[in-house]
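So the structure is just underneath, and the comments pick up after that.
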């Protein structure tokens, strides 16, 4: 999407999503999935960050009634690799853009955008770390009458690839290596945004207006986008995600306080589960790589992992973790960490006695 920041803040929520973030990845989806049926009304998992969103038999209604309207919903949580499936009917109207946006605080972004006068296509796009040096990432995919019919738009996002689906059919795949060897690959925790905005507003640049299909005539309002439902799966549920450096790499992200049964797996398929009474963190040189083929049975990661569990109830994980091989630099169970001071005390005490004699 990646457009210049507009003068009106209402447009900024989606029209310039890359220029705005809340910088607070401490709220995350702590369960595997969240399903929202907007035909039943609003949901606690979402917040209207701009404008007024109403609800009816067609689900959430995002309506432009006048200039500067840009109603937008945003999730109250982040996901760190996963799936986002939206059942949407795009809005009609010249210059009107219906958007499904996944966006991170590090300015990574994965998009669907449908303009109001293009009755045969929808745009797929992505950005990494706010890089706008080129605008050659967008690909338009065929879809039938998106303004008149509901279609299911889905993104499956892993550390290896992003795949866009329309009505169950894969239409585009982006491999990690194909995004400047990962440099421009979206890979940090994201929120999901749904909304409508006027790309054809006369205050926008000529290029933006042309891309949106022409200048918007506000005498033709209302323009309404509908979303019936959203299904979100988080491959790495946690209480929070912490950036440990400024690289913007997924390998630098620490998922803290993973939920019970989240099942983070190492490359040799040894499971490490975080009990509900414990806290856990997981970091890896190739951390948190999830694949659609293995989810939800496991979230696959490669080797060189470091796992810490701060609870004696983690003993069931101790034996499994101790068998981890490959290039793993260290593996500590809760029991090992807890007993470490007494272990060193015993060793030094024995050494002192030996030296005394």
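One is the number of the first residue shown, and numbering goes on along the chain from there.
Just so it is clear, glycine is given a Cβ too, placed from its N, Cα and C backbone atoms.
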Can you pick which of 113, 141, 149 Swiss-Prot lists for the same chitin site as 193, 197, 208?
113
Residues that sit under 8 angstroms from residue 92 (N-linked glycosylation site) by C-beta distance, when 6+ apart in the chain
116, 117, 147, 223
Between C-alpha atoms, which of these recorded positions comes nearest to residue 242 (N-linked glycosylation site): 109, 113, 197, 208?
109
Have a look around residue 131 (N-linked glycosylation site) and count the other CB atoms within 10 A of its CB, chains all included.
16
Inter-residue C-alpha distance, residue 208 (chitin binding site) and residue 131 (N-linked glycosylation site) (nearest angstrom)
17
